[in-house]
């Protein structure tokens, strides 16, 4: 989160043009496709704690490469960053779900949804703080946009020691097979269960929008000359709001996670449409259209705040423990391919001069996510929900007594 507002800005600071920056971003996503596919089965076989430690090492290297303005060195950093990102978005979650479901206390599965909602909220809170700190150090440390990457070394080192000293190790499938065979086992599992396949399509569609947005928001809003760290903090506030909305919809209105996902896709379609329309308005010497675009981006972030706890809970229920990290990394392959293709399209003068086309493509992705979400089944029956409520209540009494 410390780095988020300043990745694009750093590359601009070093004098690179938009397409060169797109290539750097694409290198990270391509790295996730090429190498990230193997991090899942390695985590399942060699241990999730081990891979979490490797995440800290890889991302530390990624941060240190930002000290150089050399394009090849920055590319190398993106390769390490891509591998680390694959670990971050699969291994940590796989470790937690295993500990939750296989812990000696045997916590009720419904607590998983609550946990993901709470972590999304506090993740947003930390991101707000990180955005403010990033803005402060970028303005005051004297290193410009390099400063947040140096500060990011502190939480990475802290994470390394917390994982190393306090986490128990856990594993997925430890059957003695080659790495390639293990990778393909996860791939086959996806197509063996239509619900897992559909979940993967939803994740790839929706999160592609997020990664495309991460690249585009800086150049789109740059005419406003905003303080990037503060804008980033605003987006994180919206994610926190979304996580609270998610919790209210489940607790107060008894929505299912599938229904939340459907609403997320509809909100994405609406906010992206508003963004496209506002970017179509003539500026006439003022920035009102950009303010409308910023408002649309905030609504987009609220939707993502609702999305993350829902998708995480559904993955915890549908994906088998034996290949959890493996399958979750396979989900990221089409996501990264879509993102790479979209960013590389910026080389075209037509797309570069009219970024509304990219946002229109994102609307199509959100529509695909919505239609696919409707077909995700295995929703619990009323009897199962009552049974789970009683188990949940009993578990709460045992823990608090």
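The backbone N, Cα and C atoms fix where each Cβ goes, glycine too.
Because TrEMBL annotations are produced automatically, they should be read as predictions rather than curated entries.
With a threshold of 8 Å between CB atoms, the same-chain residues lying at least 6 positions outside the transmembrane segment (20-38) that come near it are 7-8, 11-12, 71, 74-75, 78-83, 85-87, 179, 183, 211, 215, 329-330, 332-333, 336-337, 339-340, 343-344, 346-347. Sequence annotations record features per position, and here TrEMBL assigns transmembrane segment to 20-38 (among others).
The transmembrane segment feature in TrEMBL is assigned to 79-98 (among others). Listed by sequence, the residues of this chain that lie at least six past the ends of the transmembrane segment (79-98) yet keep a Cβ under 8 A from its Cβ atoms are 27-32, 35-37, 39-40, 43-44, 48-49, 51-52, 54-55, 58-59, 61-62, 65, 112, 115, 167, 170, 172, 312, 315-316, 321, 324-325, 328-329, 332, 336.
For 118-137 (among others), the entry in TrEMBL reads transmembrane segment.
Same-chain residues lying 6+ beyond the ends of the transmembrane segment (149-167) with a Cβ under 8 Å from its Cβ atoms: 2-3, 6, 10, 49, 52-53, 56-57, 59-60, 63-64, 66-67, 95, 133-134, 137, 141, 143. Positions annotated as transmembrane segment by TrEMBL: 149-167 (among others).
Counting residues 6+ beyond its ends, the transmembrane segment (196-217) has Cβ neighbours under 8 Å at 4, 8, 22, 25, 29, 189-190, 231, 235, 261, 264-265, 268, 272, 297, 300, 304, 307, 311, 314-315, 318-319, 327, 330-332, 334-336, 338-339, 342-343, 355, 358-359, 362, 365-366, 368-369, 372-373, 375-376 in the same chain. Per TrEMBL, transmembrane segment is recorded for 196-217 (among others).
If one looks beyond the transmembrane segment (229-249) by at least 6 residues along the same chain, the residues whose Cβ comes under 8 Å of a Cβ in the stretch are 1, 4-6, 114, 117-118, 120-121, 123-125, 127-136, 138, 148, 217, 221, 255, 259-260, 263, 294, 297-299, 301-310. Residues or ranges marked as transmembrane segment by TrEMBL: 229-249 (among others).
Sequence annotations record features per position, and here TrEMBL assigns transmembrane segment to 261-281 (among others).
A Cβ distance under 8 Å defines the sequence-distant neighbours of the transmembrane segment (287-308), meaning residues of its chain 6+ beyond its ends; these are 116, 120, 124, 206, 209-210, 213, 217, 220-221, 223-224, 231, 234-236, 238-246, 249, 260-261, 263-264, 267-268, 270-272, 274-275, 278-279, 281. Sequence annotations record features per position, and here TrEMBL assigns transmembrane segment to 287-308 (among others).
Here TrEMBL flags 353-371 (among others) as transmembrane segment.
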At a C-beta cut-off of under 8 Å, are there same-chain residues at least 6 beyond the transmembrane segment (118-137) that contact it? List them, or none.
1-6, 147-148, 150-151, 227-233, 236-237, 239-240, 242-244, 246, 305, 308-309
Cβ-Cβ under 8 Å with the transmembrane segment (261-281): same-chain residues at least 6 beyond its ends:
202, 206, 209, 220, 249, 288-290, 292-293, 295-297, 299-300, 302-304, 306-307, 310-311, 314, 355-356, 359-360, 362-363, 366-367, 369-370, 373-374, 376
